[in-house]
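Listed in Swiss-Prot:
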DOMAIN    6-116  domain 'MTTase N-terminal'
BINDING   C15, C51, C80  [4Fe-4S] cluster 1 binding site
DOMAIN    133-370  domain 'Radical SAM core'
BINDING   C147, C151, C154  [4Fe-4S] cluster 2 binding site
DOMAIN    373-441  domain 'TRAM'
Amino acid sequence: MSQLNPKVGFVSLGCPKALVDSERILTQLRVEGYDIVPSYDAADVVVVNTCGFIDSAVTESLDAIGEAMNANGKVIVTGCLGKRPEQIREAYPQVLAVSGPQDYQSVMEAVHAALPPRHDPFVDLVPDYGIKLTPRHYAYLKISEGCNHRCSFCIIPSMRGDLASRPVDEVLREAERLVRGGVKELLVVSQDTSAYGVDLKYAERPWRDRMYQTRMKALCEGLSELGVWTRLHYVYPYPHVDDVIPLMAEGKLLPYLDIPFQHASPRILKLMKRPGAVEKTLERVQRWKAMCPEITVRSTFIVGFPGETDAEFEALLEFLDQAQLDRVGAFAYSPVEGASANALPDPVPEELKQERLARFMARQAEISAARLEAKIGSVQQCLVDLIEDDIAVARSRADAPEIDGLVHIQNGGELKLKVGDLVDVEITDSDEHDLFGDALPSDPAAQPPRALNLQMV
């Protein structure tokens, strides 16, 4: 690579949707001939993609901007916190430019102004699947931007706007390019995966030799043609979520749902502006498990929402006992600038919020440990993420990267497993988070690899 190429440092913060934004910016930078460098010292300019969802994320973003300013001095800010430019410029008036999320054009214009490109088409080769910040064997596939819901604790619509779905053929072509580039797991992300296509009136689009609706189920049917793991994230609990469970039971889609329930009190859910039919939610969870016994259900909850009573918190614990969810994340409620929930009466004292959060997580830890223990003796298909000495660290079909558990394959070194390998593992032990086991030697004659159904585009 020519030493004359301008060099850009990049800091990516926030959720997987923001990570996809970062990947798109990085891809465009490389297409235009910029080198991406890993240190502030080596960079001619630094781009910081921020998060601004909760107070801790705002603090982290401001700290990252400050670190880049101190170490480099030439900083371009983008992302969700960029929707509050006055807050950024008050803290760091010397930043070169500020733009909001998915405003790729503004970022590139700011980079051009600070550092004109020197594109060499004979040297600067970028794969057709773009620049990825994830390991090569998995990738996030963003299907839409924004959200039509107005949950009282959330400010995402004010940052990312209303729902804007990508046409289904565009998404499927991107997925095909990713798989052709070596991806073995597609993680479908958006602000509201269940609502995919409603803004486009579920328009039909051609892909390969058939028509697909711009709708969650049709998208999943198309993705199943690629022969890789496909995992659904951020699924809002609409009734039509039931439609994708048969695809999971048939092995066309990973039996995994990331579906945020947020609470179990009808009154609190109403204050949150979330669906409040808790009994129906429990019925649906049980129905999913009956239709697809392998299904893993992950959810997130908010503890200590304004007005939450002792009885309502106890109802939340009872919901955990009844639902028997596999994976759960939770956080204590904290006010978010711009959220309507800030105006609600009867805030829960901070000490009580933390006490409830600890009780909540302890209860779920018992449930998770029991559900993992039940897998001892079973054989789980796993995807290897990391090799540490003689142990291969992998994930089962029930585990999304970074947020769920791991499978520690004790004989990974002996079998010379590699990152990205798919392997069957006999589970021998467990704890409240992870599984432990031994990989079974592959038998190519008995289990031929599934061919990837790829077409050139």
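Glycine is treated like the rest: Cβ placed from N, Cα and C.
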Worksheet item: Within 8 Å of the centroid of the Cβ atoms of C147, C151, C154, which other residues of that chain place their own Cβ, given that this set defines the recorded [4Fe-4S] cluster 2 site?
Response: H149, R150, F153, I155, I156, P157, Q191
Worksheet item: Across all chains shown, how many C-beta atoms besides its own are within 10 angstroms of the C-beta of C51 ([4Fe-4S] cluster 1 binding site)?
Response: 21
Worksheet item: Quick one, of the binding-site residues C15, C147, which Cβ has the fewest other Cβ within 10 Å?
Response: C15
Discussion item. Among C80, C151, C154, the binding-site residues in question, whose Cβ has the most other Cβ atoms within 10 Å in this structure?
Written reply: C80
Worksheet item: Any idea what the Cα distance is from C15 ([4Fe-4S] cluster 1 binding site) over to C151 ([4Fe-4S] cluster 2 binding site), rounded to a whole Å?
Response: 18
Worksheet item: Quick one: what's DSSP say for C151 ([4Fe-4S] cluster 2 binding site), helix, strand or coil?
Response: coil
Item to complete: Going by DSSP, give the three-state secondary structure for C80 ([4Fe-4S] cluster 1 binding site).
Response: helix
Worksheet entry | Cα distance (Å, whole number) from C80 ([4Fe-4S] cluster 1 binding site) to C147 ([4Fe-4S] cluster 2 binding site) | 14
Worksheet entry | Predicted model, mean pLDDT over the domain 'TRAM' (373-441) | 95
